[in-house]
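Visitor: My questions all concern the structure below.
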Amino acid sequence: MSIHISAKKGDIADKILLPGDPLRAKFIAENFLEDAVCFNEVRNMFGYTGTYKGHRVSVMGTGMGMPSISIYARELIVDYGVKTLIRVGTAGAIDPEVHVRELVLAQAAATNSNIIRNDFPEFDFPQIADFGLLDKAYHIAREMGVTTHVGNVLSSDVFYTNMPERNMALGKLGVKAIEMEAAALYYLATQHHVKALGIMTISDNLNDPTEDTTAEERQTTFTDMMKIGLETLIAND
C-alpha cells in the first residue's frame with residue numbers, strides 16, 4: 001500500500017490509463033476490460049486492473065490538476081512499478097483549427113504552474129511526451145479515422161481565467177489546447193525514466209463557446225480516446 005492507493009504489490013499492471021475523472025476510470029473498466037478488479041477506492045479515486053485483448057492493463061482516476069495527478073502518478077511509478085502511463089482526459093481548444101470531439105496528442109506541455117519551478121527556478125524545463133508512445137498513438141488514431149492533432153498544449157493551474165486573451169495568444173502560436181495535468185505527468189516520467197503520453201479529447205472550444213459537450217458526454221462518450229489509449233498501451237507487448 002502507498003499513502004493514497006490501497007492496492008497491494010502486484011495488483012496494478014505495469015501499464016495504465018489515467019483519466020482525471022474516477023467515474024471515467026470505472027466506465028473504461030466496465031466497458032473495455034475483461035475480469036476487471038477494483039484495486040483502489042480511497043477518496044473514491046477508483047482504480048481497476050483487468051485484461052484488454054489478452055494484455056494486463058490498469059486504469060485509475062487522478063483527479064483534477066497537477067498536484068493531484070502528481071500524487072497518484074508518483075505512487076504508481078515509485079510504489080507499484082508502473083512503467084507506461086497514458087493520460088486520457090479532456091481539454092479546451094485554443095488553436096482555431098481544433099474543434100470539439102477531435103483529439104490532441106500532447107507532444108509537449110508548457111505550464112504556468114510552479115510545480116516544476118520548485119526544482120528548477122532558474123529556467124523553464126521542457127516537458128515532452130515519450131516519442132514511441134506518441135508515434136504509436138498517432139498511427140492508431142489515423143487507422144481508426146479519428147481526426148487527431150499533434151502539438152503543444154498548455155497545462156494550466158487555472159480553469160476559470162480572468163485573462164482569456166493570453167490563452168488566445170498561445171493559440172495563435174500553435175498551442176493546440178489547454179488542460180491541467182500533462183506537464184506534471186511528463187515531468188514525473190522524465191524524473192523516473194518511464195514512459196508517458198497525454199491523449200486529450202476536445203470538450204470545449206474556447207474560440208467558439210457554442211461548441212461544447214455535456215458532463216455526461218465527458219464521462220462516458222469519448223470512446224475513441226479510450227480505445228486509442230488502450231491500443232497504444234498494448235502495442236509493444
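Just so you know, glycine gets a Cβ as well, placed from its N, Cα and C.
Annotations per Swiss-Prot:
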type	residues	note
BINDING	His4, Glu179, Met180, Glu181, Ser203, Asp204	purine D-ribonucleoside binding site
BINDING	Gly20, Arg24, Arg43, Arg87, Val88, Gly89, Thr90	phosphate binding site
ACT_SITE	Asp204	active site, proton donor
SITE	Arg218	site 'Important for catalytic activity'
Visitor: In sequence order, what residues of the same chain, 6+ apart, have a Cβ less than 8 Å from the Cβ of Arg43 (phosphate binding site)?
Guide: His4
Visitor: Where Glu179 (purine D-ribonucleoside binding site) and Arg87 (phosphate binding site) are concerned, what is their Cα separation in Å, rounded?
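Guide: Glu179 (purine D-ribonucleoside binding site) and Arg87 (phosphate binding site) have their Cα atoms 11 Å apart.
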Visitor: Compare the C-alpha of Thr90 (phosphate binding site) with the C-alpha of each of the binding-site residues Met180, Ser203, Asp204, and give the closest one.
Guide: Ser203
Visitor: Which whole-number value in Å describes the distance between the Cα atoms of Gly20 (phosphate binding site) and Asp204 (purine D-ribonucleoside binding site)?
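Guide: Counting only the Cα atoms, the answer is 16 Å.
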Visitor: Looking at the binding-site residues Glu181, Asp204, which one has the fewest other Cβ atoms within 10 Å of its own Cβ?
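Guide: Relative to the other binding-site residues in Glu181, Asp204, Asp204 has the fewest Cβ atoms within 10 Å.
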Visitor: Taking just the CA atoms, what is the gap between Ser203 (purine D-ribonucleoside binding site) and Gly89 (phosphate binding site) in Å?
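Guide: Between the Cα atoms of Ser203 (purine D-ribonucleoside binding site) and Gly89 (phosphate binding site), the distance comes to 9 Å.
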Visitor: What count of other C-beta atoms do you get within 10 angstroms of the C-beta of Gly20 (phosphate binding site), across all chains shown?
Guide: 21
Visitor: Out of the binding-site residues Met180, Glu181, Asp204, give me the one sitting nearest to Arg87 (phosphate binding site) by CA distance.
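Guide: Answer for the nearest of the binding-site residues: Glu181.
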Visitor: For His4 (purine D-ribonucleoside binding site), name the DSSP secondary structure in the helix/strand/coil scheme.
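Guide: For His4 (purine D-ribonucleoside binding site) - judged by DSSP and reduced to three states - the answer is coil.
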Visitor: What's the CA-CA gap between Val88 (phosphate binding site) and Glu181 (purine D-ribonucleoside binding site) in angstrom, rounded?
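Guide: Spelling it out, the Cα of Val88 (phosphate binding site) and the Cα of Glu181 (purine D-ribonucleoside binding site) are 10 Å apart.
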Visitor: Let me make sure I understand the structure: which of the binding-site residues listed (His4, Arg24, Arg87) has the fewest other Cβ atoms within 10 A of its Cβ?
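Guide: Relative to the other binding-site residues in His4, Arg24, Arg87, His4 has the fewest Cβ atoms within 10 Å.
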Visitor: For Arg24 (phosphate binding site) and Met180 (purine D-ribonucleoside binding site), determine the Cα separation and express it in whole Å.
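Guide: Cα of Arg24 (phosphate binding site) to Cα of Met180 (purine D-ribonucleoside binding site) measures 17 Å after rounding.
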